[in-house]
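K.L.:
Following this message is one structure expressed as structure tokens.
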Amino acid sequence: MIKQRTLKRIVQATGVGLHTGKKVTLTLRPAPANTGVIYRRTDLNPPVDFPADAKSVRDTMLCTCLVNEHDVRISTVEHLNAALAGLGIDNIVIEVNAPEIPIMDGSAAPFVYLLLDAGIDELNCAKKFVRIKETVRVEDGDKWAEFKPYNGFSLDFTIDFNHPAIDSSNQRYAMNFSADAFMRQISRARTFGFMRDIEYLQSRGLCLGGSFDCAIVVDDYRVLNEDGLRFEDEFVRHKMLDAIGDLFMCGHNIIGAFIAYKSGHALNNKLLQAVLAKQEAWEYVTFQDDAELPLAFKAPSAVLA
């Protein structure tokens, strides 16, 4: 059978919180089968757990934020969540001694390296996938996102940014998902923002960790980072990275085709909730052997080494 995955050992890293600008210690722990993805704030006494759950996503202005019934929150989970989706990690406990996951370099790559350093272990329990059975679409003005049935996981994302630094030919990205494709094509794409917005937020005591070290920063005309872009179409690739993290909030890899136009955290979450709320639109599936498994989810040697 295709088995659930967790980590082989505990790993730790430090980084800066995007919102507070303070040092954050991140600890990733293995977890037993059927635990799911658990985010934990250890700066609170007692520590507070936030299971990855589409319904817990409430605040999506600057990032994906999980909020519990007591209005306690943990922020900036989407890039780490994307790395978990990319490597197919089903069970993990993620601890931070702060109200947010560290921003690292603004991409998912540091989290991928950390997870690979921990090693991936298979558990003796069948891995559950969410398979899309019917088309589900959500809209917000001219923005939209949808899932269609597809035997794999494909993503097709279009942005519409009228900016001199973003050529019109670099505003759409499509790919057939796999762990290899995610690591090579998506994981290194960084978040981005306008210098004026960052300066305004920082003047109000927000986004205090925002810098050239953790984002692509643009003014009205150009990219301001000395090293430029990692990909010509890094902006749309990062929006796809965000979507992969947002959609993994159901705690399972999804078998289906995701298509989006100008979508963001809020609309991605709205789509996921719309799918899960429509019982006939999806089902849980497991696979007895590798031959049945869609190519998207076959583990590359780097993951299960």
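Cβ atoms are placed via backbone N, Cα and C, with glycine included.
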K.L.:
Taking H19, H70, H79 as the options, which does Swiss-Prot list with H238, D242 at the Zn(2+) site?
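P.N.:
Between H19, H70, H79, Swiss-Prot records just one in the Zn(2+) site with H238, D242, namely H79.
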K.L.:
I need the neighbours of the Zn(2+) site defined by H79, H238, D242. Which other residues of that chain put their C-beta within 8 angstroms of the C-beta centroid, in sequence order?
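P.N.:
These residues sit around the Zn(2+) site: E78, A82, G106, S107, A108, A189, R190, T191, K239, M240, L241, G245.
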K.L.:
Counting across all protein chains present, how many other Cβ atoms fall within 10 Å of the Cβ of H265 (active site, proton donor)?
P.N.:
21
K.L.:
From the binding-site residues H79, H238, D242, pick the residue whose C-alpha lies nearest to the C-alpha of H265 (active site, proton donor).
P.N.:
D242
